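According to Swiss-Prot, the features are:
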| type | residues | note |
| --- | --- | --- |
| SIGNAL | 1-29 | signal peptide |
| DOMAIN | 92-127 | domain 'EF-hand 1' |
| BINDING | ASP105, ASP107, ASP109, LYS111, GLU116 | Ca(2+) 1 binding site |
| DOMAIN | 131-166 | domain 'EF-hand 2' |
| BINDING | ASP144, ASP146, ASP148, HIS150, GLU155 | Ca(2+) 2 binding site |
| DOMAIN | 227-262 | domain 'EF-hand 3' |
| DOMAIN | 272-307 | domain 'EF-hand 4' |
| BINDING | ASP285, ASN287, ASP289, GLU296 | Ca(2+) 4 binding site |
| DOMAIN | 308-343 | domain 'EF-hand 5' |
| BINDING | ASP321, ASN323, ASN325, HIS327, GLU332 | Ca(2+) 5 binding site |
Amino acid sequence: MMSRQAFLCSLGSLYLSLLFVFLLMDVYARPANNSALKEKPADSRDENEILPPDHLNGVKMEMDGHLNKEFHQEVFLGKEMEEFEEDSEPRKNRKKLMVIFSKVDIDNDKKISAKEMQRWIMEKTDEHFQEAVEENKMHFRAVDPDGDGHVSWDEYKIKFLASKGLNEKEIAEKIKNNEELKIDEETQEVLDNLKDRWYQADNPPPDMLLNEEEFLSFLHPEHSRGMLKFMVKEIIRDLDQDGDKKLTLSEFISLPVGTVENQQAQDIDDDWVKDRRKEFEDVIDANHDGIVTMEELEEYMDPMNEYNALNEAKQMIAVADENQNHHLELEEILKYSEYFTGSKLMDYARNVHEEF
């Protein structure tokens, strides 16, 4: 019969063997860790931090030539625009709107004049400008890793391509050694356009280095007269069909690329044409000769143009001026709240006197 000592030794050996088998199975069951090959570098940036935005707050037209559908709300609400969300409580939004009304009505006569609205529009536009300046500081730090206060085109190019998913160290090495970069045609086209824009933002004498102020102009052309001209040229280039560097009404209202497949799409296209026709004829074409020049479009696009702000103020008042006294009263602005804030306030008339 096996001795007690021999039995215990045998049991211990069996336990160690089973433990070894389980550990081996666990190792092979785990997925291979390839994250080092596929994972982006920790300092790679999101594409939205790298690319100039298509939408510019407080500017009437998008970078791609589309009308800014939120322009009225942006120049009326400024930084408070985010607070007026459609799903927020109507009573709270009504109170916020009443507070805004009292701020615009600086002479406290219970109505808003065109001059008062003009002053308010300029103030809210400046808020958007200051917001862009603060955001630019963060974006500039993202592309200025050595913190020397300047960003070269190559530094920006590396960050941009890294944001597209390419390995940042490999890109940097290839650019340093003047090696060919294998990127797709679409990315190359974007890169070429960005380089043109970079050159325009580079104040004389050009050195392809942007400081923080120049980088602000690169991202936000509305902050620089020179870059605003460049933006206008880009928009006209995209819309101008006969190459005369001017826009006719038919060129301006041309439908986006695509076919109309159903009634809903047709309605969208009808709205596109109607809105752009009105904007062209009533606002952009200043001398009403049926042609929009670069100079006219530049004046239209300039968010700090006081004459434009006054015209905008008059238009905003006209939308809600039901008693035709050329002023806005509280009841009117509450009734047309969706136009001014993007939020519809229900039962505005019933509550206006009890809350104000």
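Just so it is clear, glycine is given a Cβ too, placed from its N, Cα and C backbone atoms.
Counting other Cβ atoms within 10 Å of each Cβ, the lowest count among the binding-site residues ASP146, ASP285, ASP321 belongs to ASP146.
Just so you know, of the binding-site residues GLU116, ASP148, the Cβ with the fewest other Cβ atoms around it within 10 Å is the one at ASP148. Other residues of the chain with a Cβ within 8 Å of the Cβ centroid of ASP144, ASP146, ASP148, HIS150, GLU155, the Ca(2+) 2 site, are VAL143, PRO145, GLY147, GLY149, VAL151, SER152. Counting neighbouring Cβ atoms within 10 Å of each of the binding-site residues (ASP105, ASP289), the lowest count belongs to ASP289.
Counting residues 6+ beyond its ends, the domain 'EF-hand 4' (272-307) has Cβ neighbours under 8 Å at 58-61, 67, 118, 122, 125-126, 128-129, 222, 228-229, 231-233, 235-236, 245-249, 252-253, 255-256 in the same chain.
In sequence order, the binding-site residues near HIS327 (Ca(2+) 5 binding site) (Cα within 10 Å of its Cα) are LYS111, drawn from LYS111, ASP148, GLU155, ASN287, ASP289. Remark: ASP107 (Ca(2+) 1 binding site) has GLU116 as non-local neighbours, by Cβ distance under 8 Å and separation of at least 6 in sequence. Computed over the domain 'EF-hand 1' (92-127), the whole-number mean pLDDT of the model equals 96. A strand conformation is recorded for LYS111 (Ca(2+) 1 binding site) in the three-state DSSP classification.
Of the recorded residues, HIS150 (Ca(2+) 2 binding site) and ASP285 (Ca(2+) 4 binding site) place their C-alpha atoms 40 Å from one another. Taking the C-alpha positions, the distance from ASP289 (Ca(2+) 4 binding site) to ASP144 (Ca(2+) 2 binding site) comes to 48 Å.
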